[in-house]
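**Q** This is the structure I have questions about; it appears just below.
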Amino acid sequence: MELVVKSVSPETLKTATLVVAVGEGRKLGAAARQVDELSGGAISAVLKRGDLAGKVGQSLLLHSLPNLKAERVLLVGVGKDEELGDRPFRKIVAGILNTLKGLGGSDAVLALDEIIVKNRDSYGKTRLLAETLVDGEYTFDQFKSQKAEPRALKKITLLTIKAAQAEVQRAVNHATAIANGMAFTRNLGNLPPNICHPTFLGEQAKNLGKEFKDLKVEVLDEKKIKSLGMGSFYAVGQGSAQPPRLIVMQYNGGKKSEKPYALVGKGITFDTGGISLKPGAGMDEMKYDMGGAASVFGTLRAVLELKLPINLVCILACAENMPSGTASRPGDIVTTMSGQTVEILNTDAEGRLVLCDALTYSERFKPQAVIDIATLTGACVVALGAHTSGLLGNNDELIEQLLSAGKAADDRAWQLPLFDEYQEQLDSPFADIANIGGPKAGTITAACFLSRFTKNLNWAHLDIAGTAWTSGGKDKGATGRPVPLLTQYLLDRAKA
């Protein structure tokens with residue numbers, strides 16, 4: 001679907017549907033007043049009958065109003081002035097899109113520029129609107145024998161004032177790239193694990209490198225992983241017929257003298273728990289355990305599409321965690337790339353085992369900041385639910401930048417503590433560190449484990465176990481998060 005930005009009066013455009021706002025108390029927005037005057041008070045007459053109160057979520061479709069080039073006018077309730085938050089605004093936009101899809105028209109014009117969203121300027125409001133529209137077009141029916149019919153809606157025009165047109169266009173460009181990145185992430189996450197395995201993800205990286213010539217891609221196989229001394233990473237994949245892969249993608253859009261930013265993604269393409277086997281109920285959703293790697297793919301795609309003037313390295317630690325005669329066992333001790341030894345007390349705490357070696361590997365790029373992204377702990381879902389990603393790290397400035405980016409992108413994170421006292425839970429009598437820290441503070445102790453491998457890095461950890469996918473029901477599937485947060489962080493660094 002194409003998004004177009006124009007600065008014209010709404011009545012001048014020929015369109016299948018013109019969308020205008022009505023506030024609570026039947027207050028007409030600026031565009032609605034123009035349409036009302038041209039149509040001889042047609043909207044006012046409808047509102048006087050009580051057909052629409054202007055509350056959030058209400059809408060009313062009018063046909064063939066006089067003196068208009070639009071075939072239909074869709075009145076949309078937007079609530080009280082200056083009380084509209086991000087979530088209600090997104091719901092309004094999603095409702096508009098669903099209505100437009102059902103009408104069958106090929107285009108629509110949205111005259112909603114006068115809507116006030118709390119703490120949002122013209123750019124921020126348009127970002128939310130455009131991202132919701134493009135992301136709302138997402139479908140995943142690759143494996144359905146009967147595909148959904150192609151949608152008639154091909155173009156939506158966003159109207160704004162002349163003075164804001166450049167800023168609104170910038171917001172649309174950013175939102176479109178982010179939504180495209182989210183779609184890439186969602187597609188990878190929704191694929192079945194018999195197709196989306198570590199080798200497949202390596203192929204996707206190479207395909208991305210072919211599409212974007214300024215991307216350098218290297219895929220390291222199991223022999224290279226072993227030769228690098230990544231004993232922890234290698235141990236996770238050794239029980240599977242699908243060999244592990246370390247995927248390294250480098251984009252150099254900034255100056256050669258500038259240190260890169262690094263994104264490190266957990267890519268467990270299916271997690272049975274290994275010998276520490278998970279319960280069978282809901283295990284199908286463990287295909288989403290590569291959500292961290294998928295979100296790095298999506299963020300990188302957005303960066304490439306926007307050609308951001310930054311240097312970025314993306315490292316994906318991809319493996320399949322399976323039980324077998326060759327799988328690692330509880331009690332095994334492995335040596336990491338850093339030289340530290342780890343006692344594997346639970347093979348289902350495997351994400352940290354692949355990430356620790358990937359984080360050590362990232363040091364060779366001398367990054368100015370490293371962010372790892374992982375569906376790491378069920379404890380994070382208990383603590384924060386499905387709305388907020390967990391955030392921990394060793395650099396206060398980096399943490400604040402990520403919190404700010406999450407707020408700006410409406411893709412929030414929340415900081416959890418990383419106090420030294422928690423480190424004691426990882427003590428092992430036989431190795432330098434144990435891979436689990438007991439039942440308490442599971443999200444924190446998982447990050448404590450990773451912190452042992454990031455002492456030379458400005459590092460942050462995003463636990464997206466609750467936000468990477470939606471469980472069960474008709475809305476089941478990958479969400480595309482935290483692509484908006486990560487892309488916003490990089491936009492801020494690029495000052496784009």
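Here the Cβ of each residue, glycine as well, is placed from N, Cα and C on the backbone.
Predicted, not measured: the structure shown is a model, and the values here were computed from it.
Summarising the annotation, Swiss-Prot assigns Mn(2+) 2 binding site to LYS266, ASP271, ASP289, GLU350 and lists sequence analysis as the type of evidence. Annotated Mn(2+) 1 binding site per Swiss-Prot: ASP271, ASP348, GLU350, in sequence order. The feature active site is assigned by Swiss-Prot to LYS278, ARG352.
Structural setting of the listed features?
**A** Secondary structure from DSSP puts ASP289 (Mn(2+) 2 binding site) in a helix. Using a 10 Å Cβ-Cβ cutoff, ASP289 (Mn(2+) 2 binding site) registers 28 neighbours.
Long-range Cβ contacts of ASP271 (Mn(2+) 2 binding site) within its own chain (separation 6+, distance under 8 Å): LYS278, MET286, ASP289, GLU320, ASN321, ASP348, GLU350. In this structure, ASP271 (Mn(2+) 2 binding site) is part of a beta strand by DSSP.
Secondary structure at LYS278 (active site), as computed by DSSP, is coil.
Every protein chain considered, the tally of other Cβ atoms within 10 Å of the Cβ of ARG352 (active site) stands at 28.
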**Q** Measuring Cα to Cα, how many angstrom lie between ARG352 (active site) and LYS266 (Mn(2+) 2 binding site)?
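**A** It is 8 Å, counting Cα to Cα.
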**Q** LYS266, LYS278: which of these recorded positions has the sparsest Cβ neighbourhood within 10 Å?
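**A** It is LYS278 that, of the recorded positions LYS266, LYS278, has the fewest other Cβ atoms within 10 Å.
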**Q** Counting other Cβ atoms within 10 Å of each Cβ, which of the binding-site residues ASP348, GLU350 scores lowest?
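**A** ASP348, out of the binding-site residues ASP348, GLU350, has the fewest neighbouring Cβ atoms within 10 Å.
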**Q** Neighbourhood of the Mn(2+) 2 site (LYS266, ASP271, ASP289, GLU350): other residues with Cβ within 8 Å of the Cβ centroid, in order?
**A** VAL236, GLY267, ILE268, MET286, MET290, ALA319, ASN321, GLY351, VAL354, ALA374, THR375
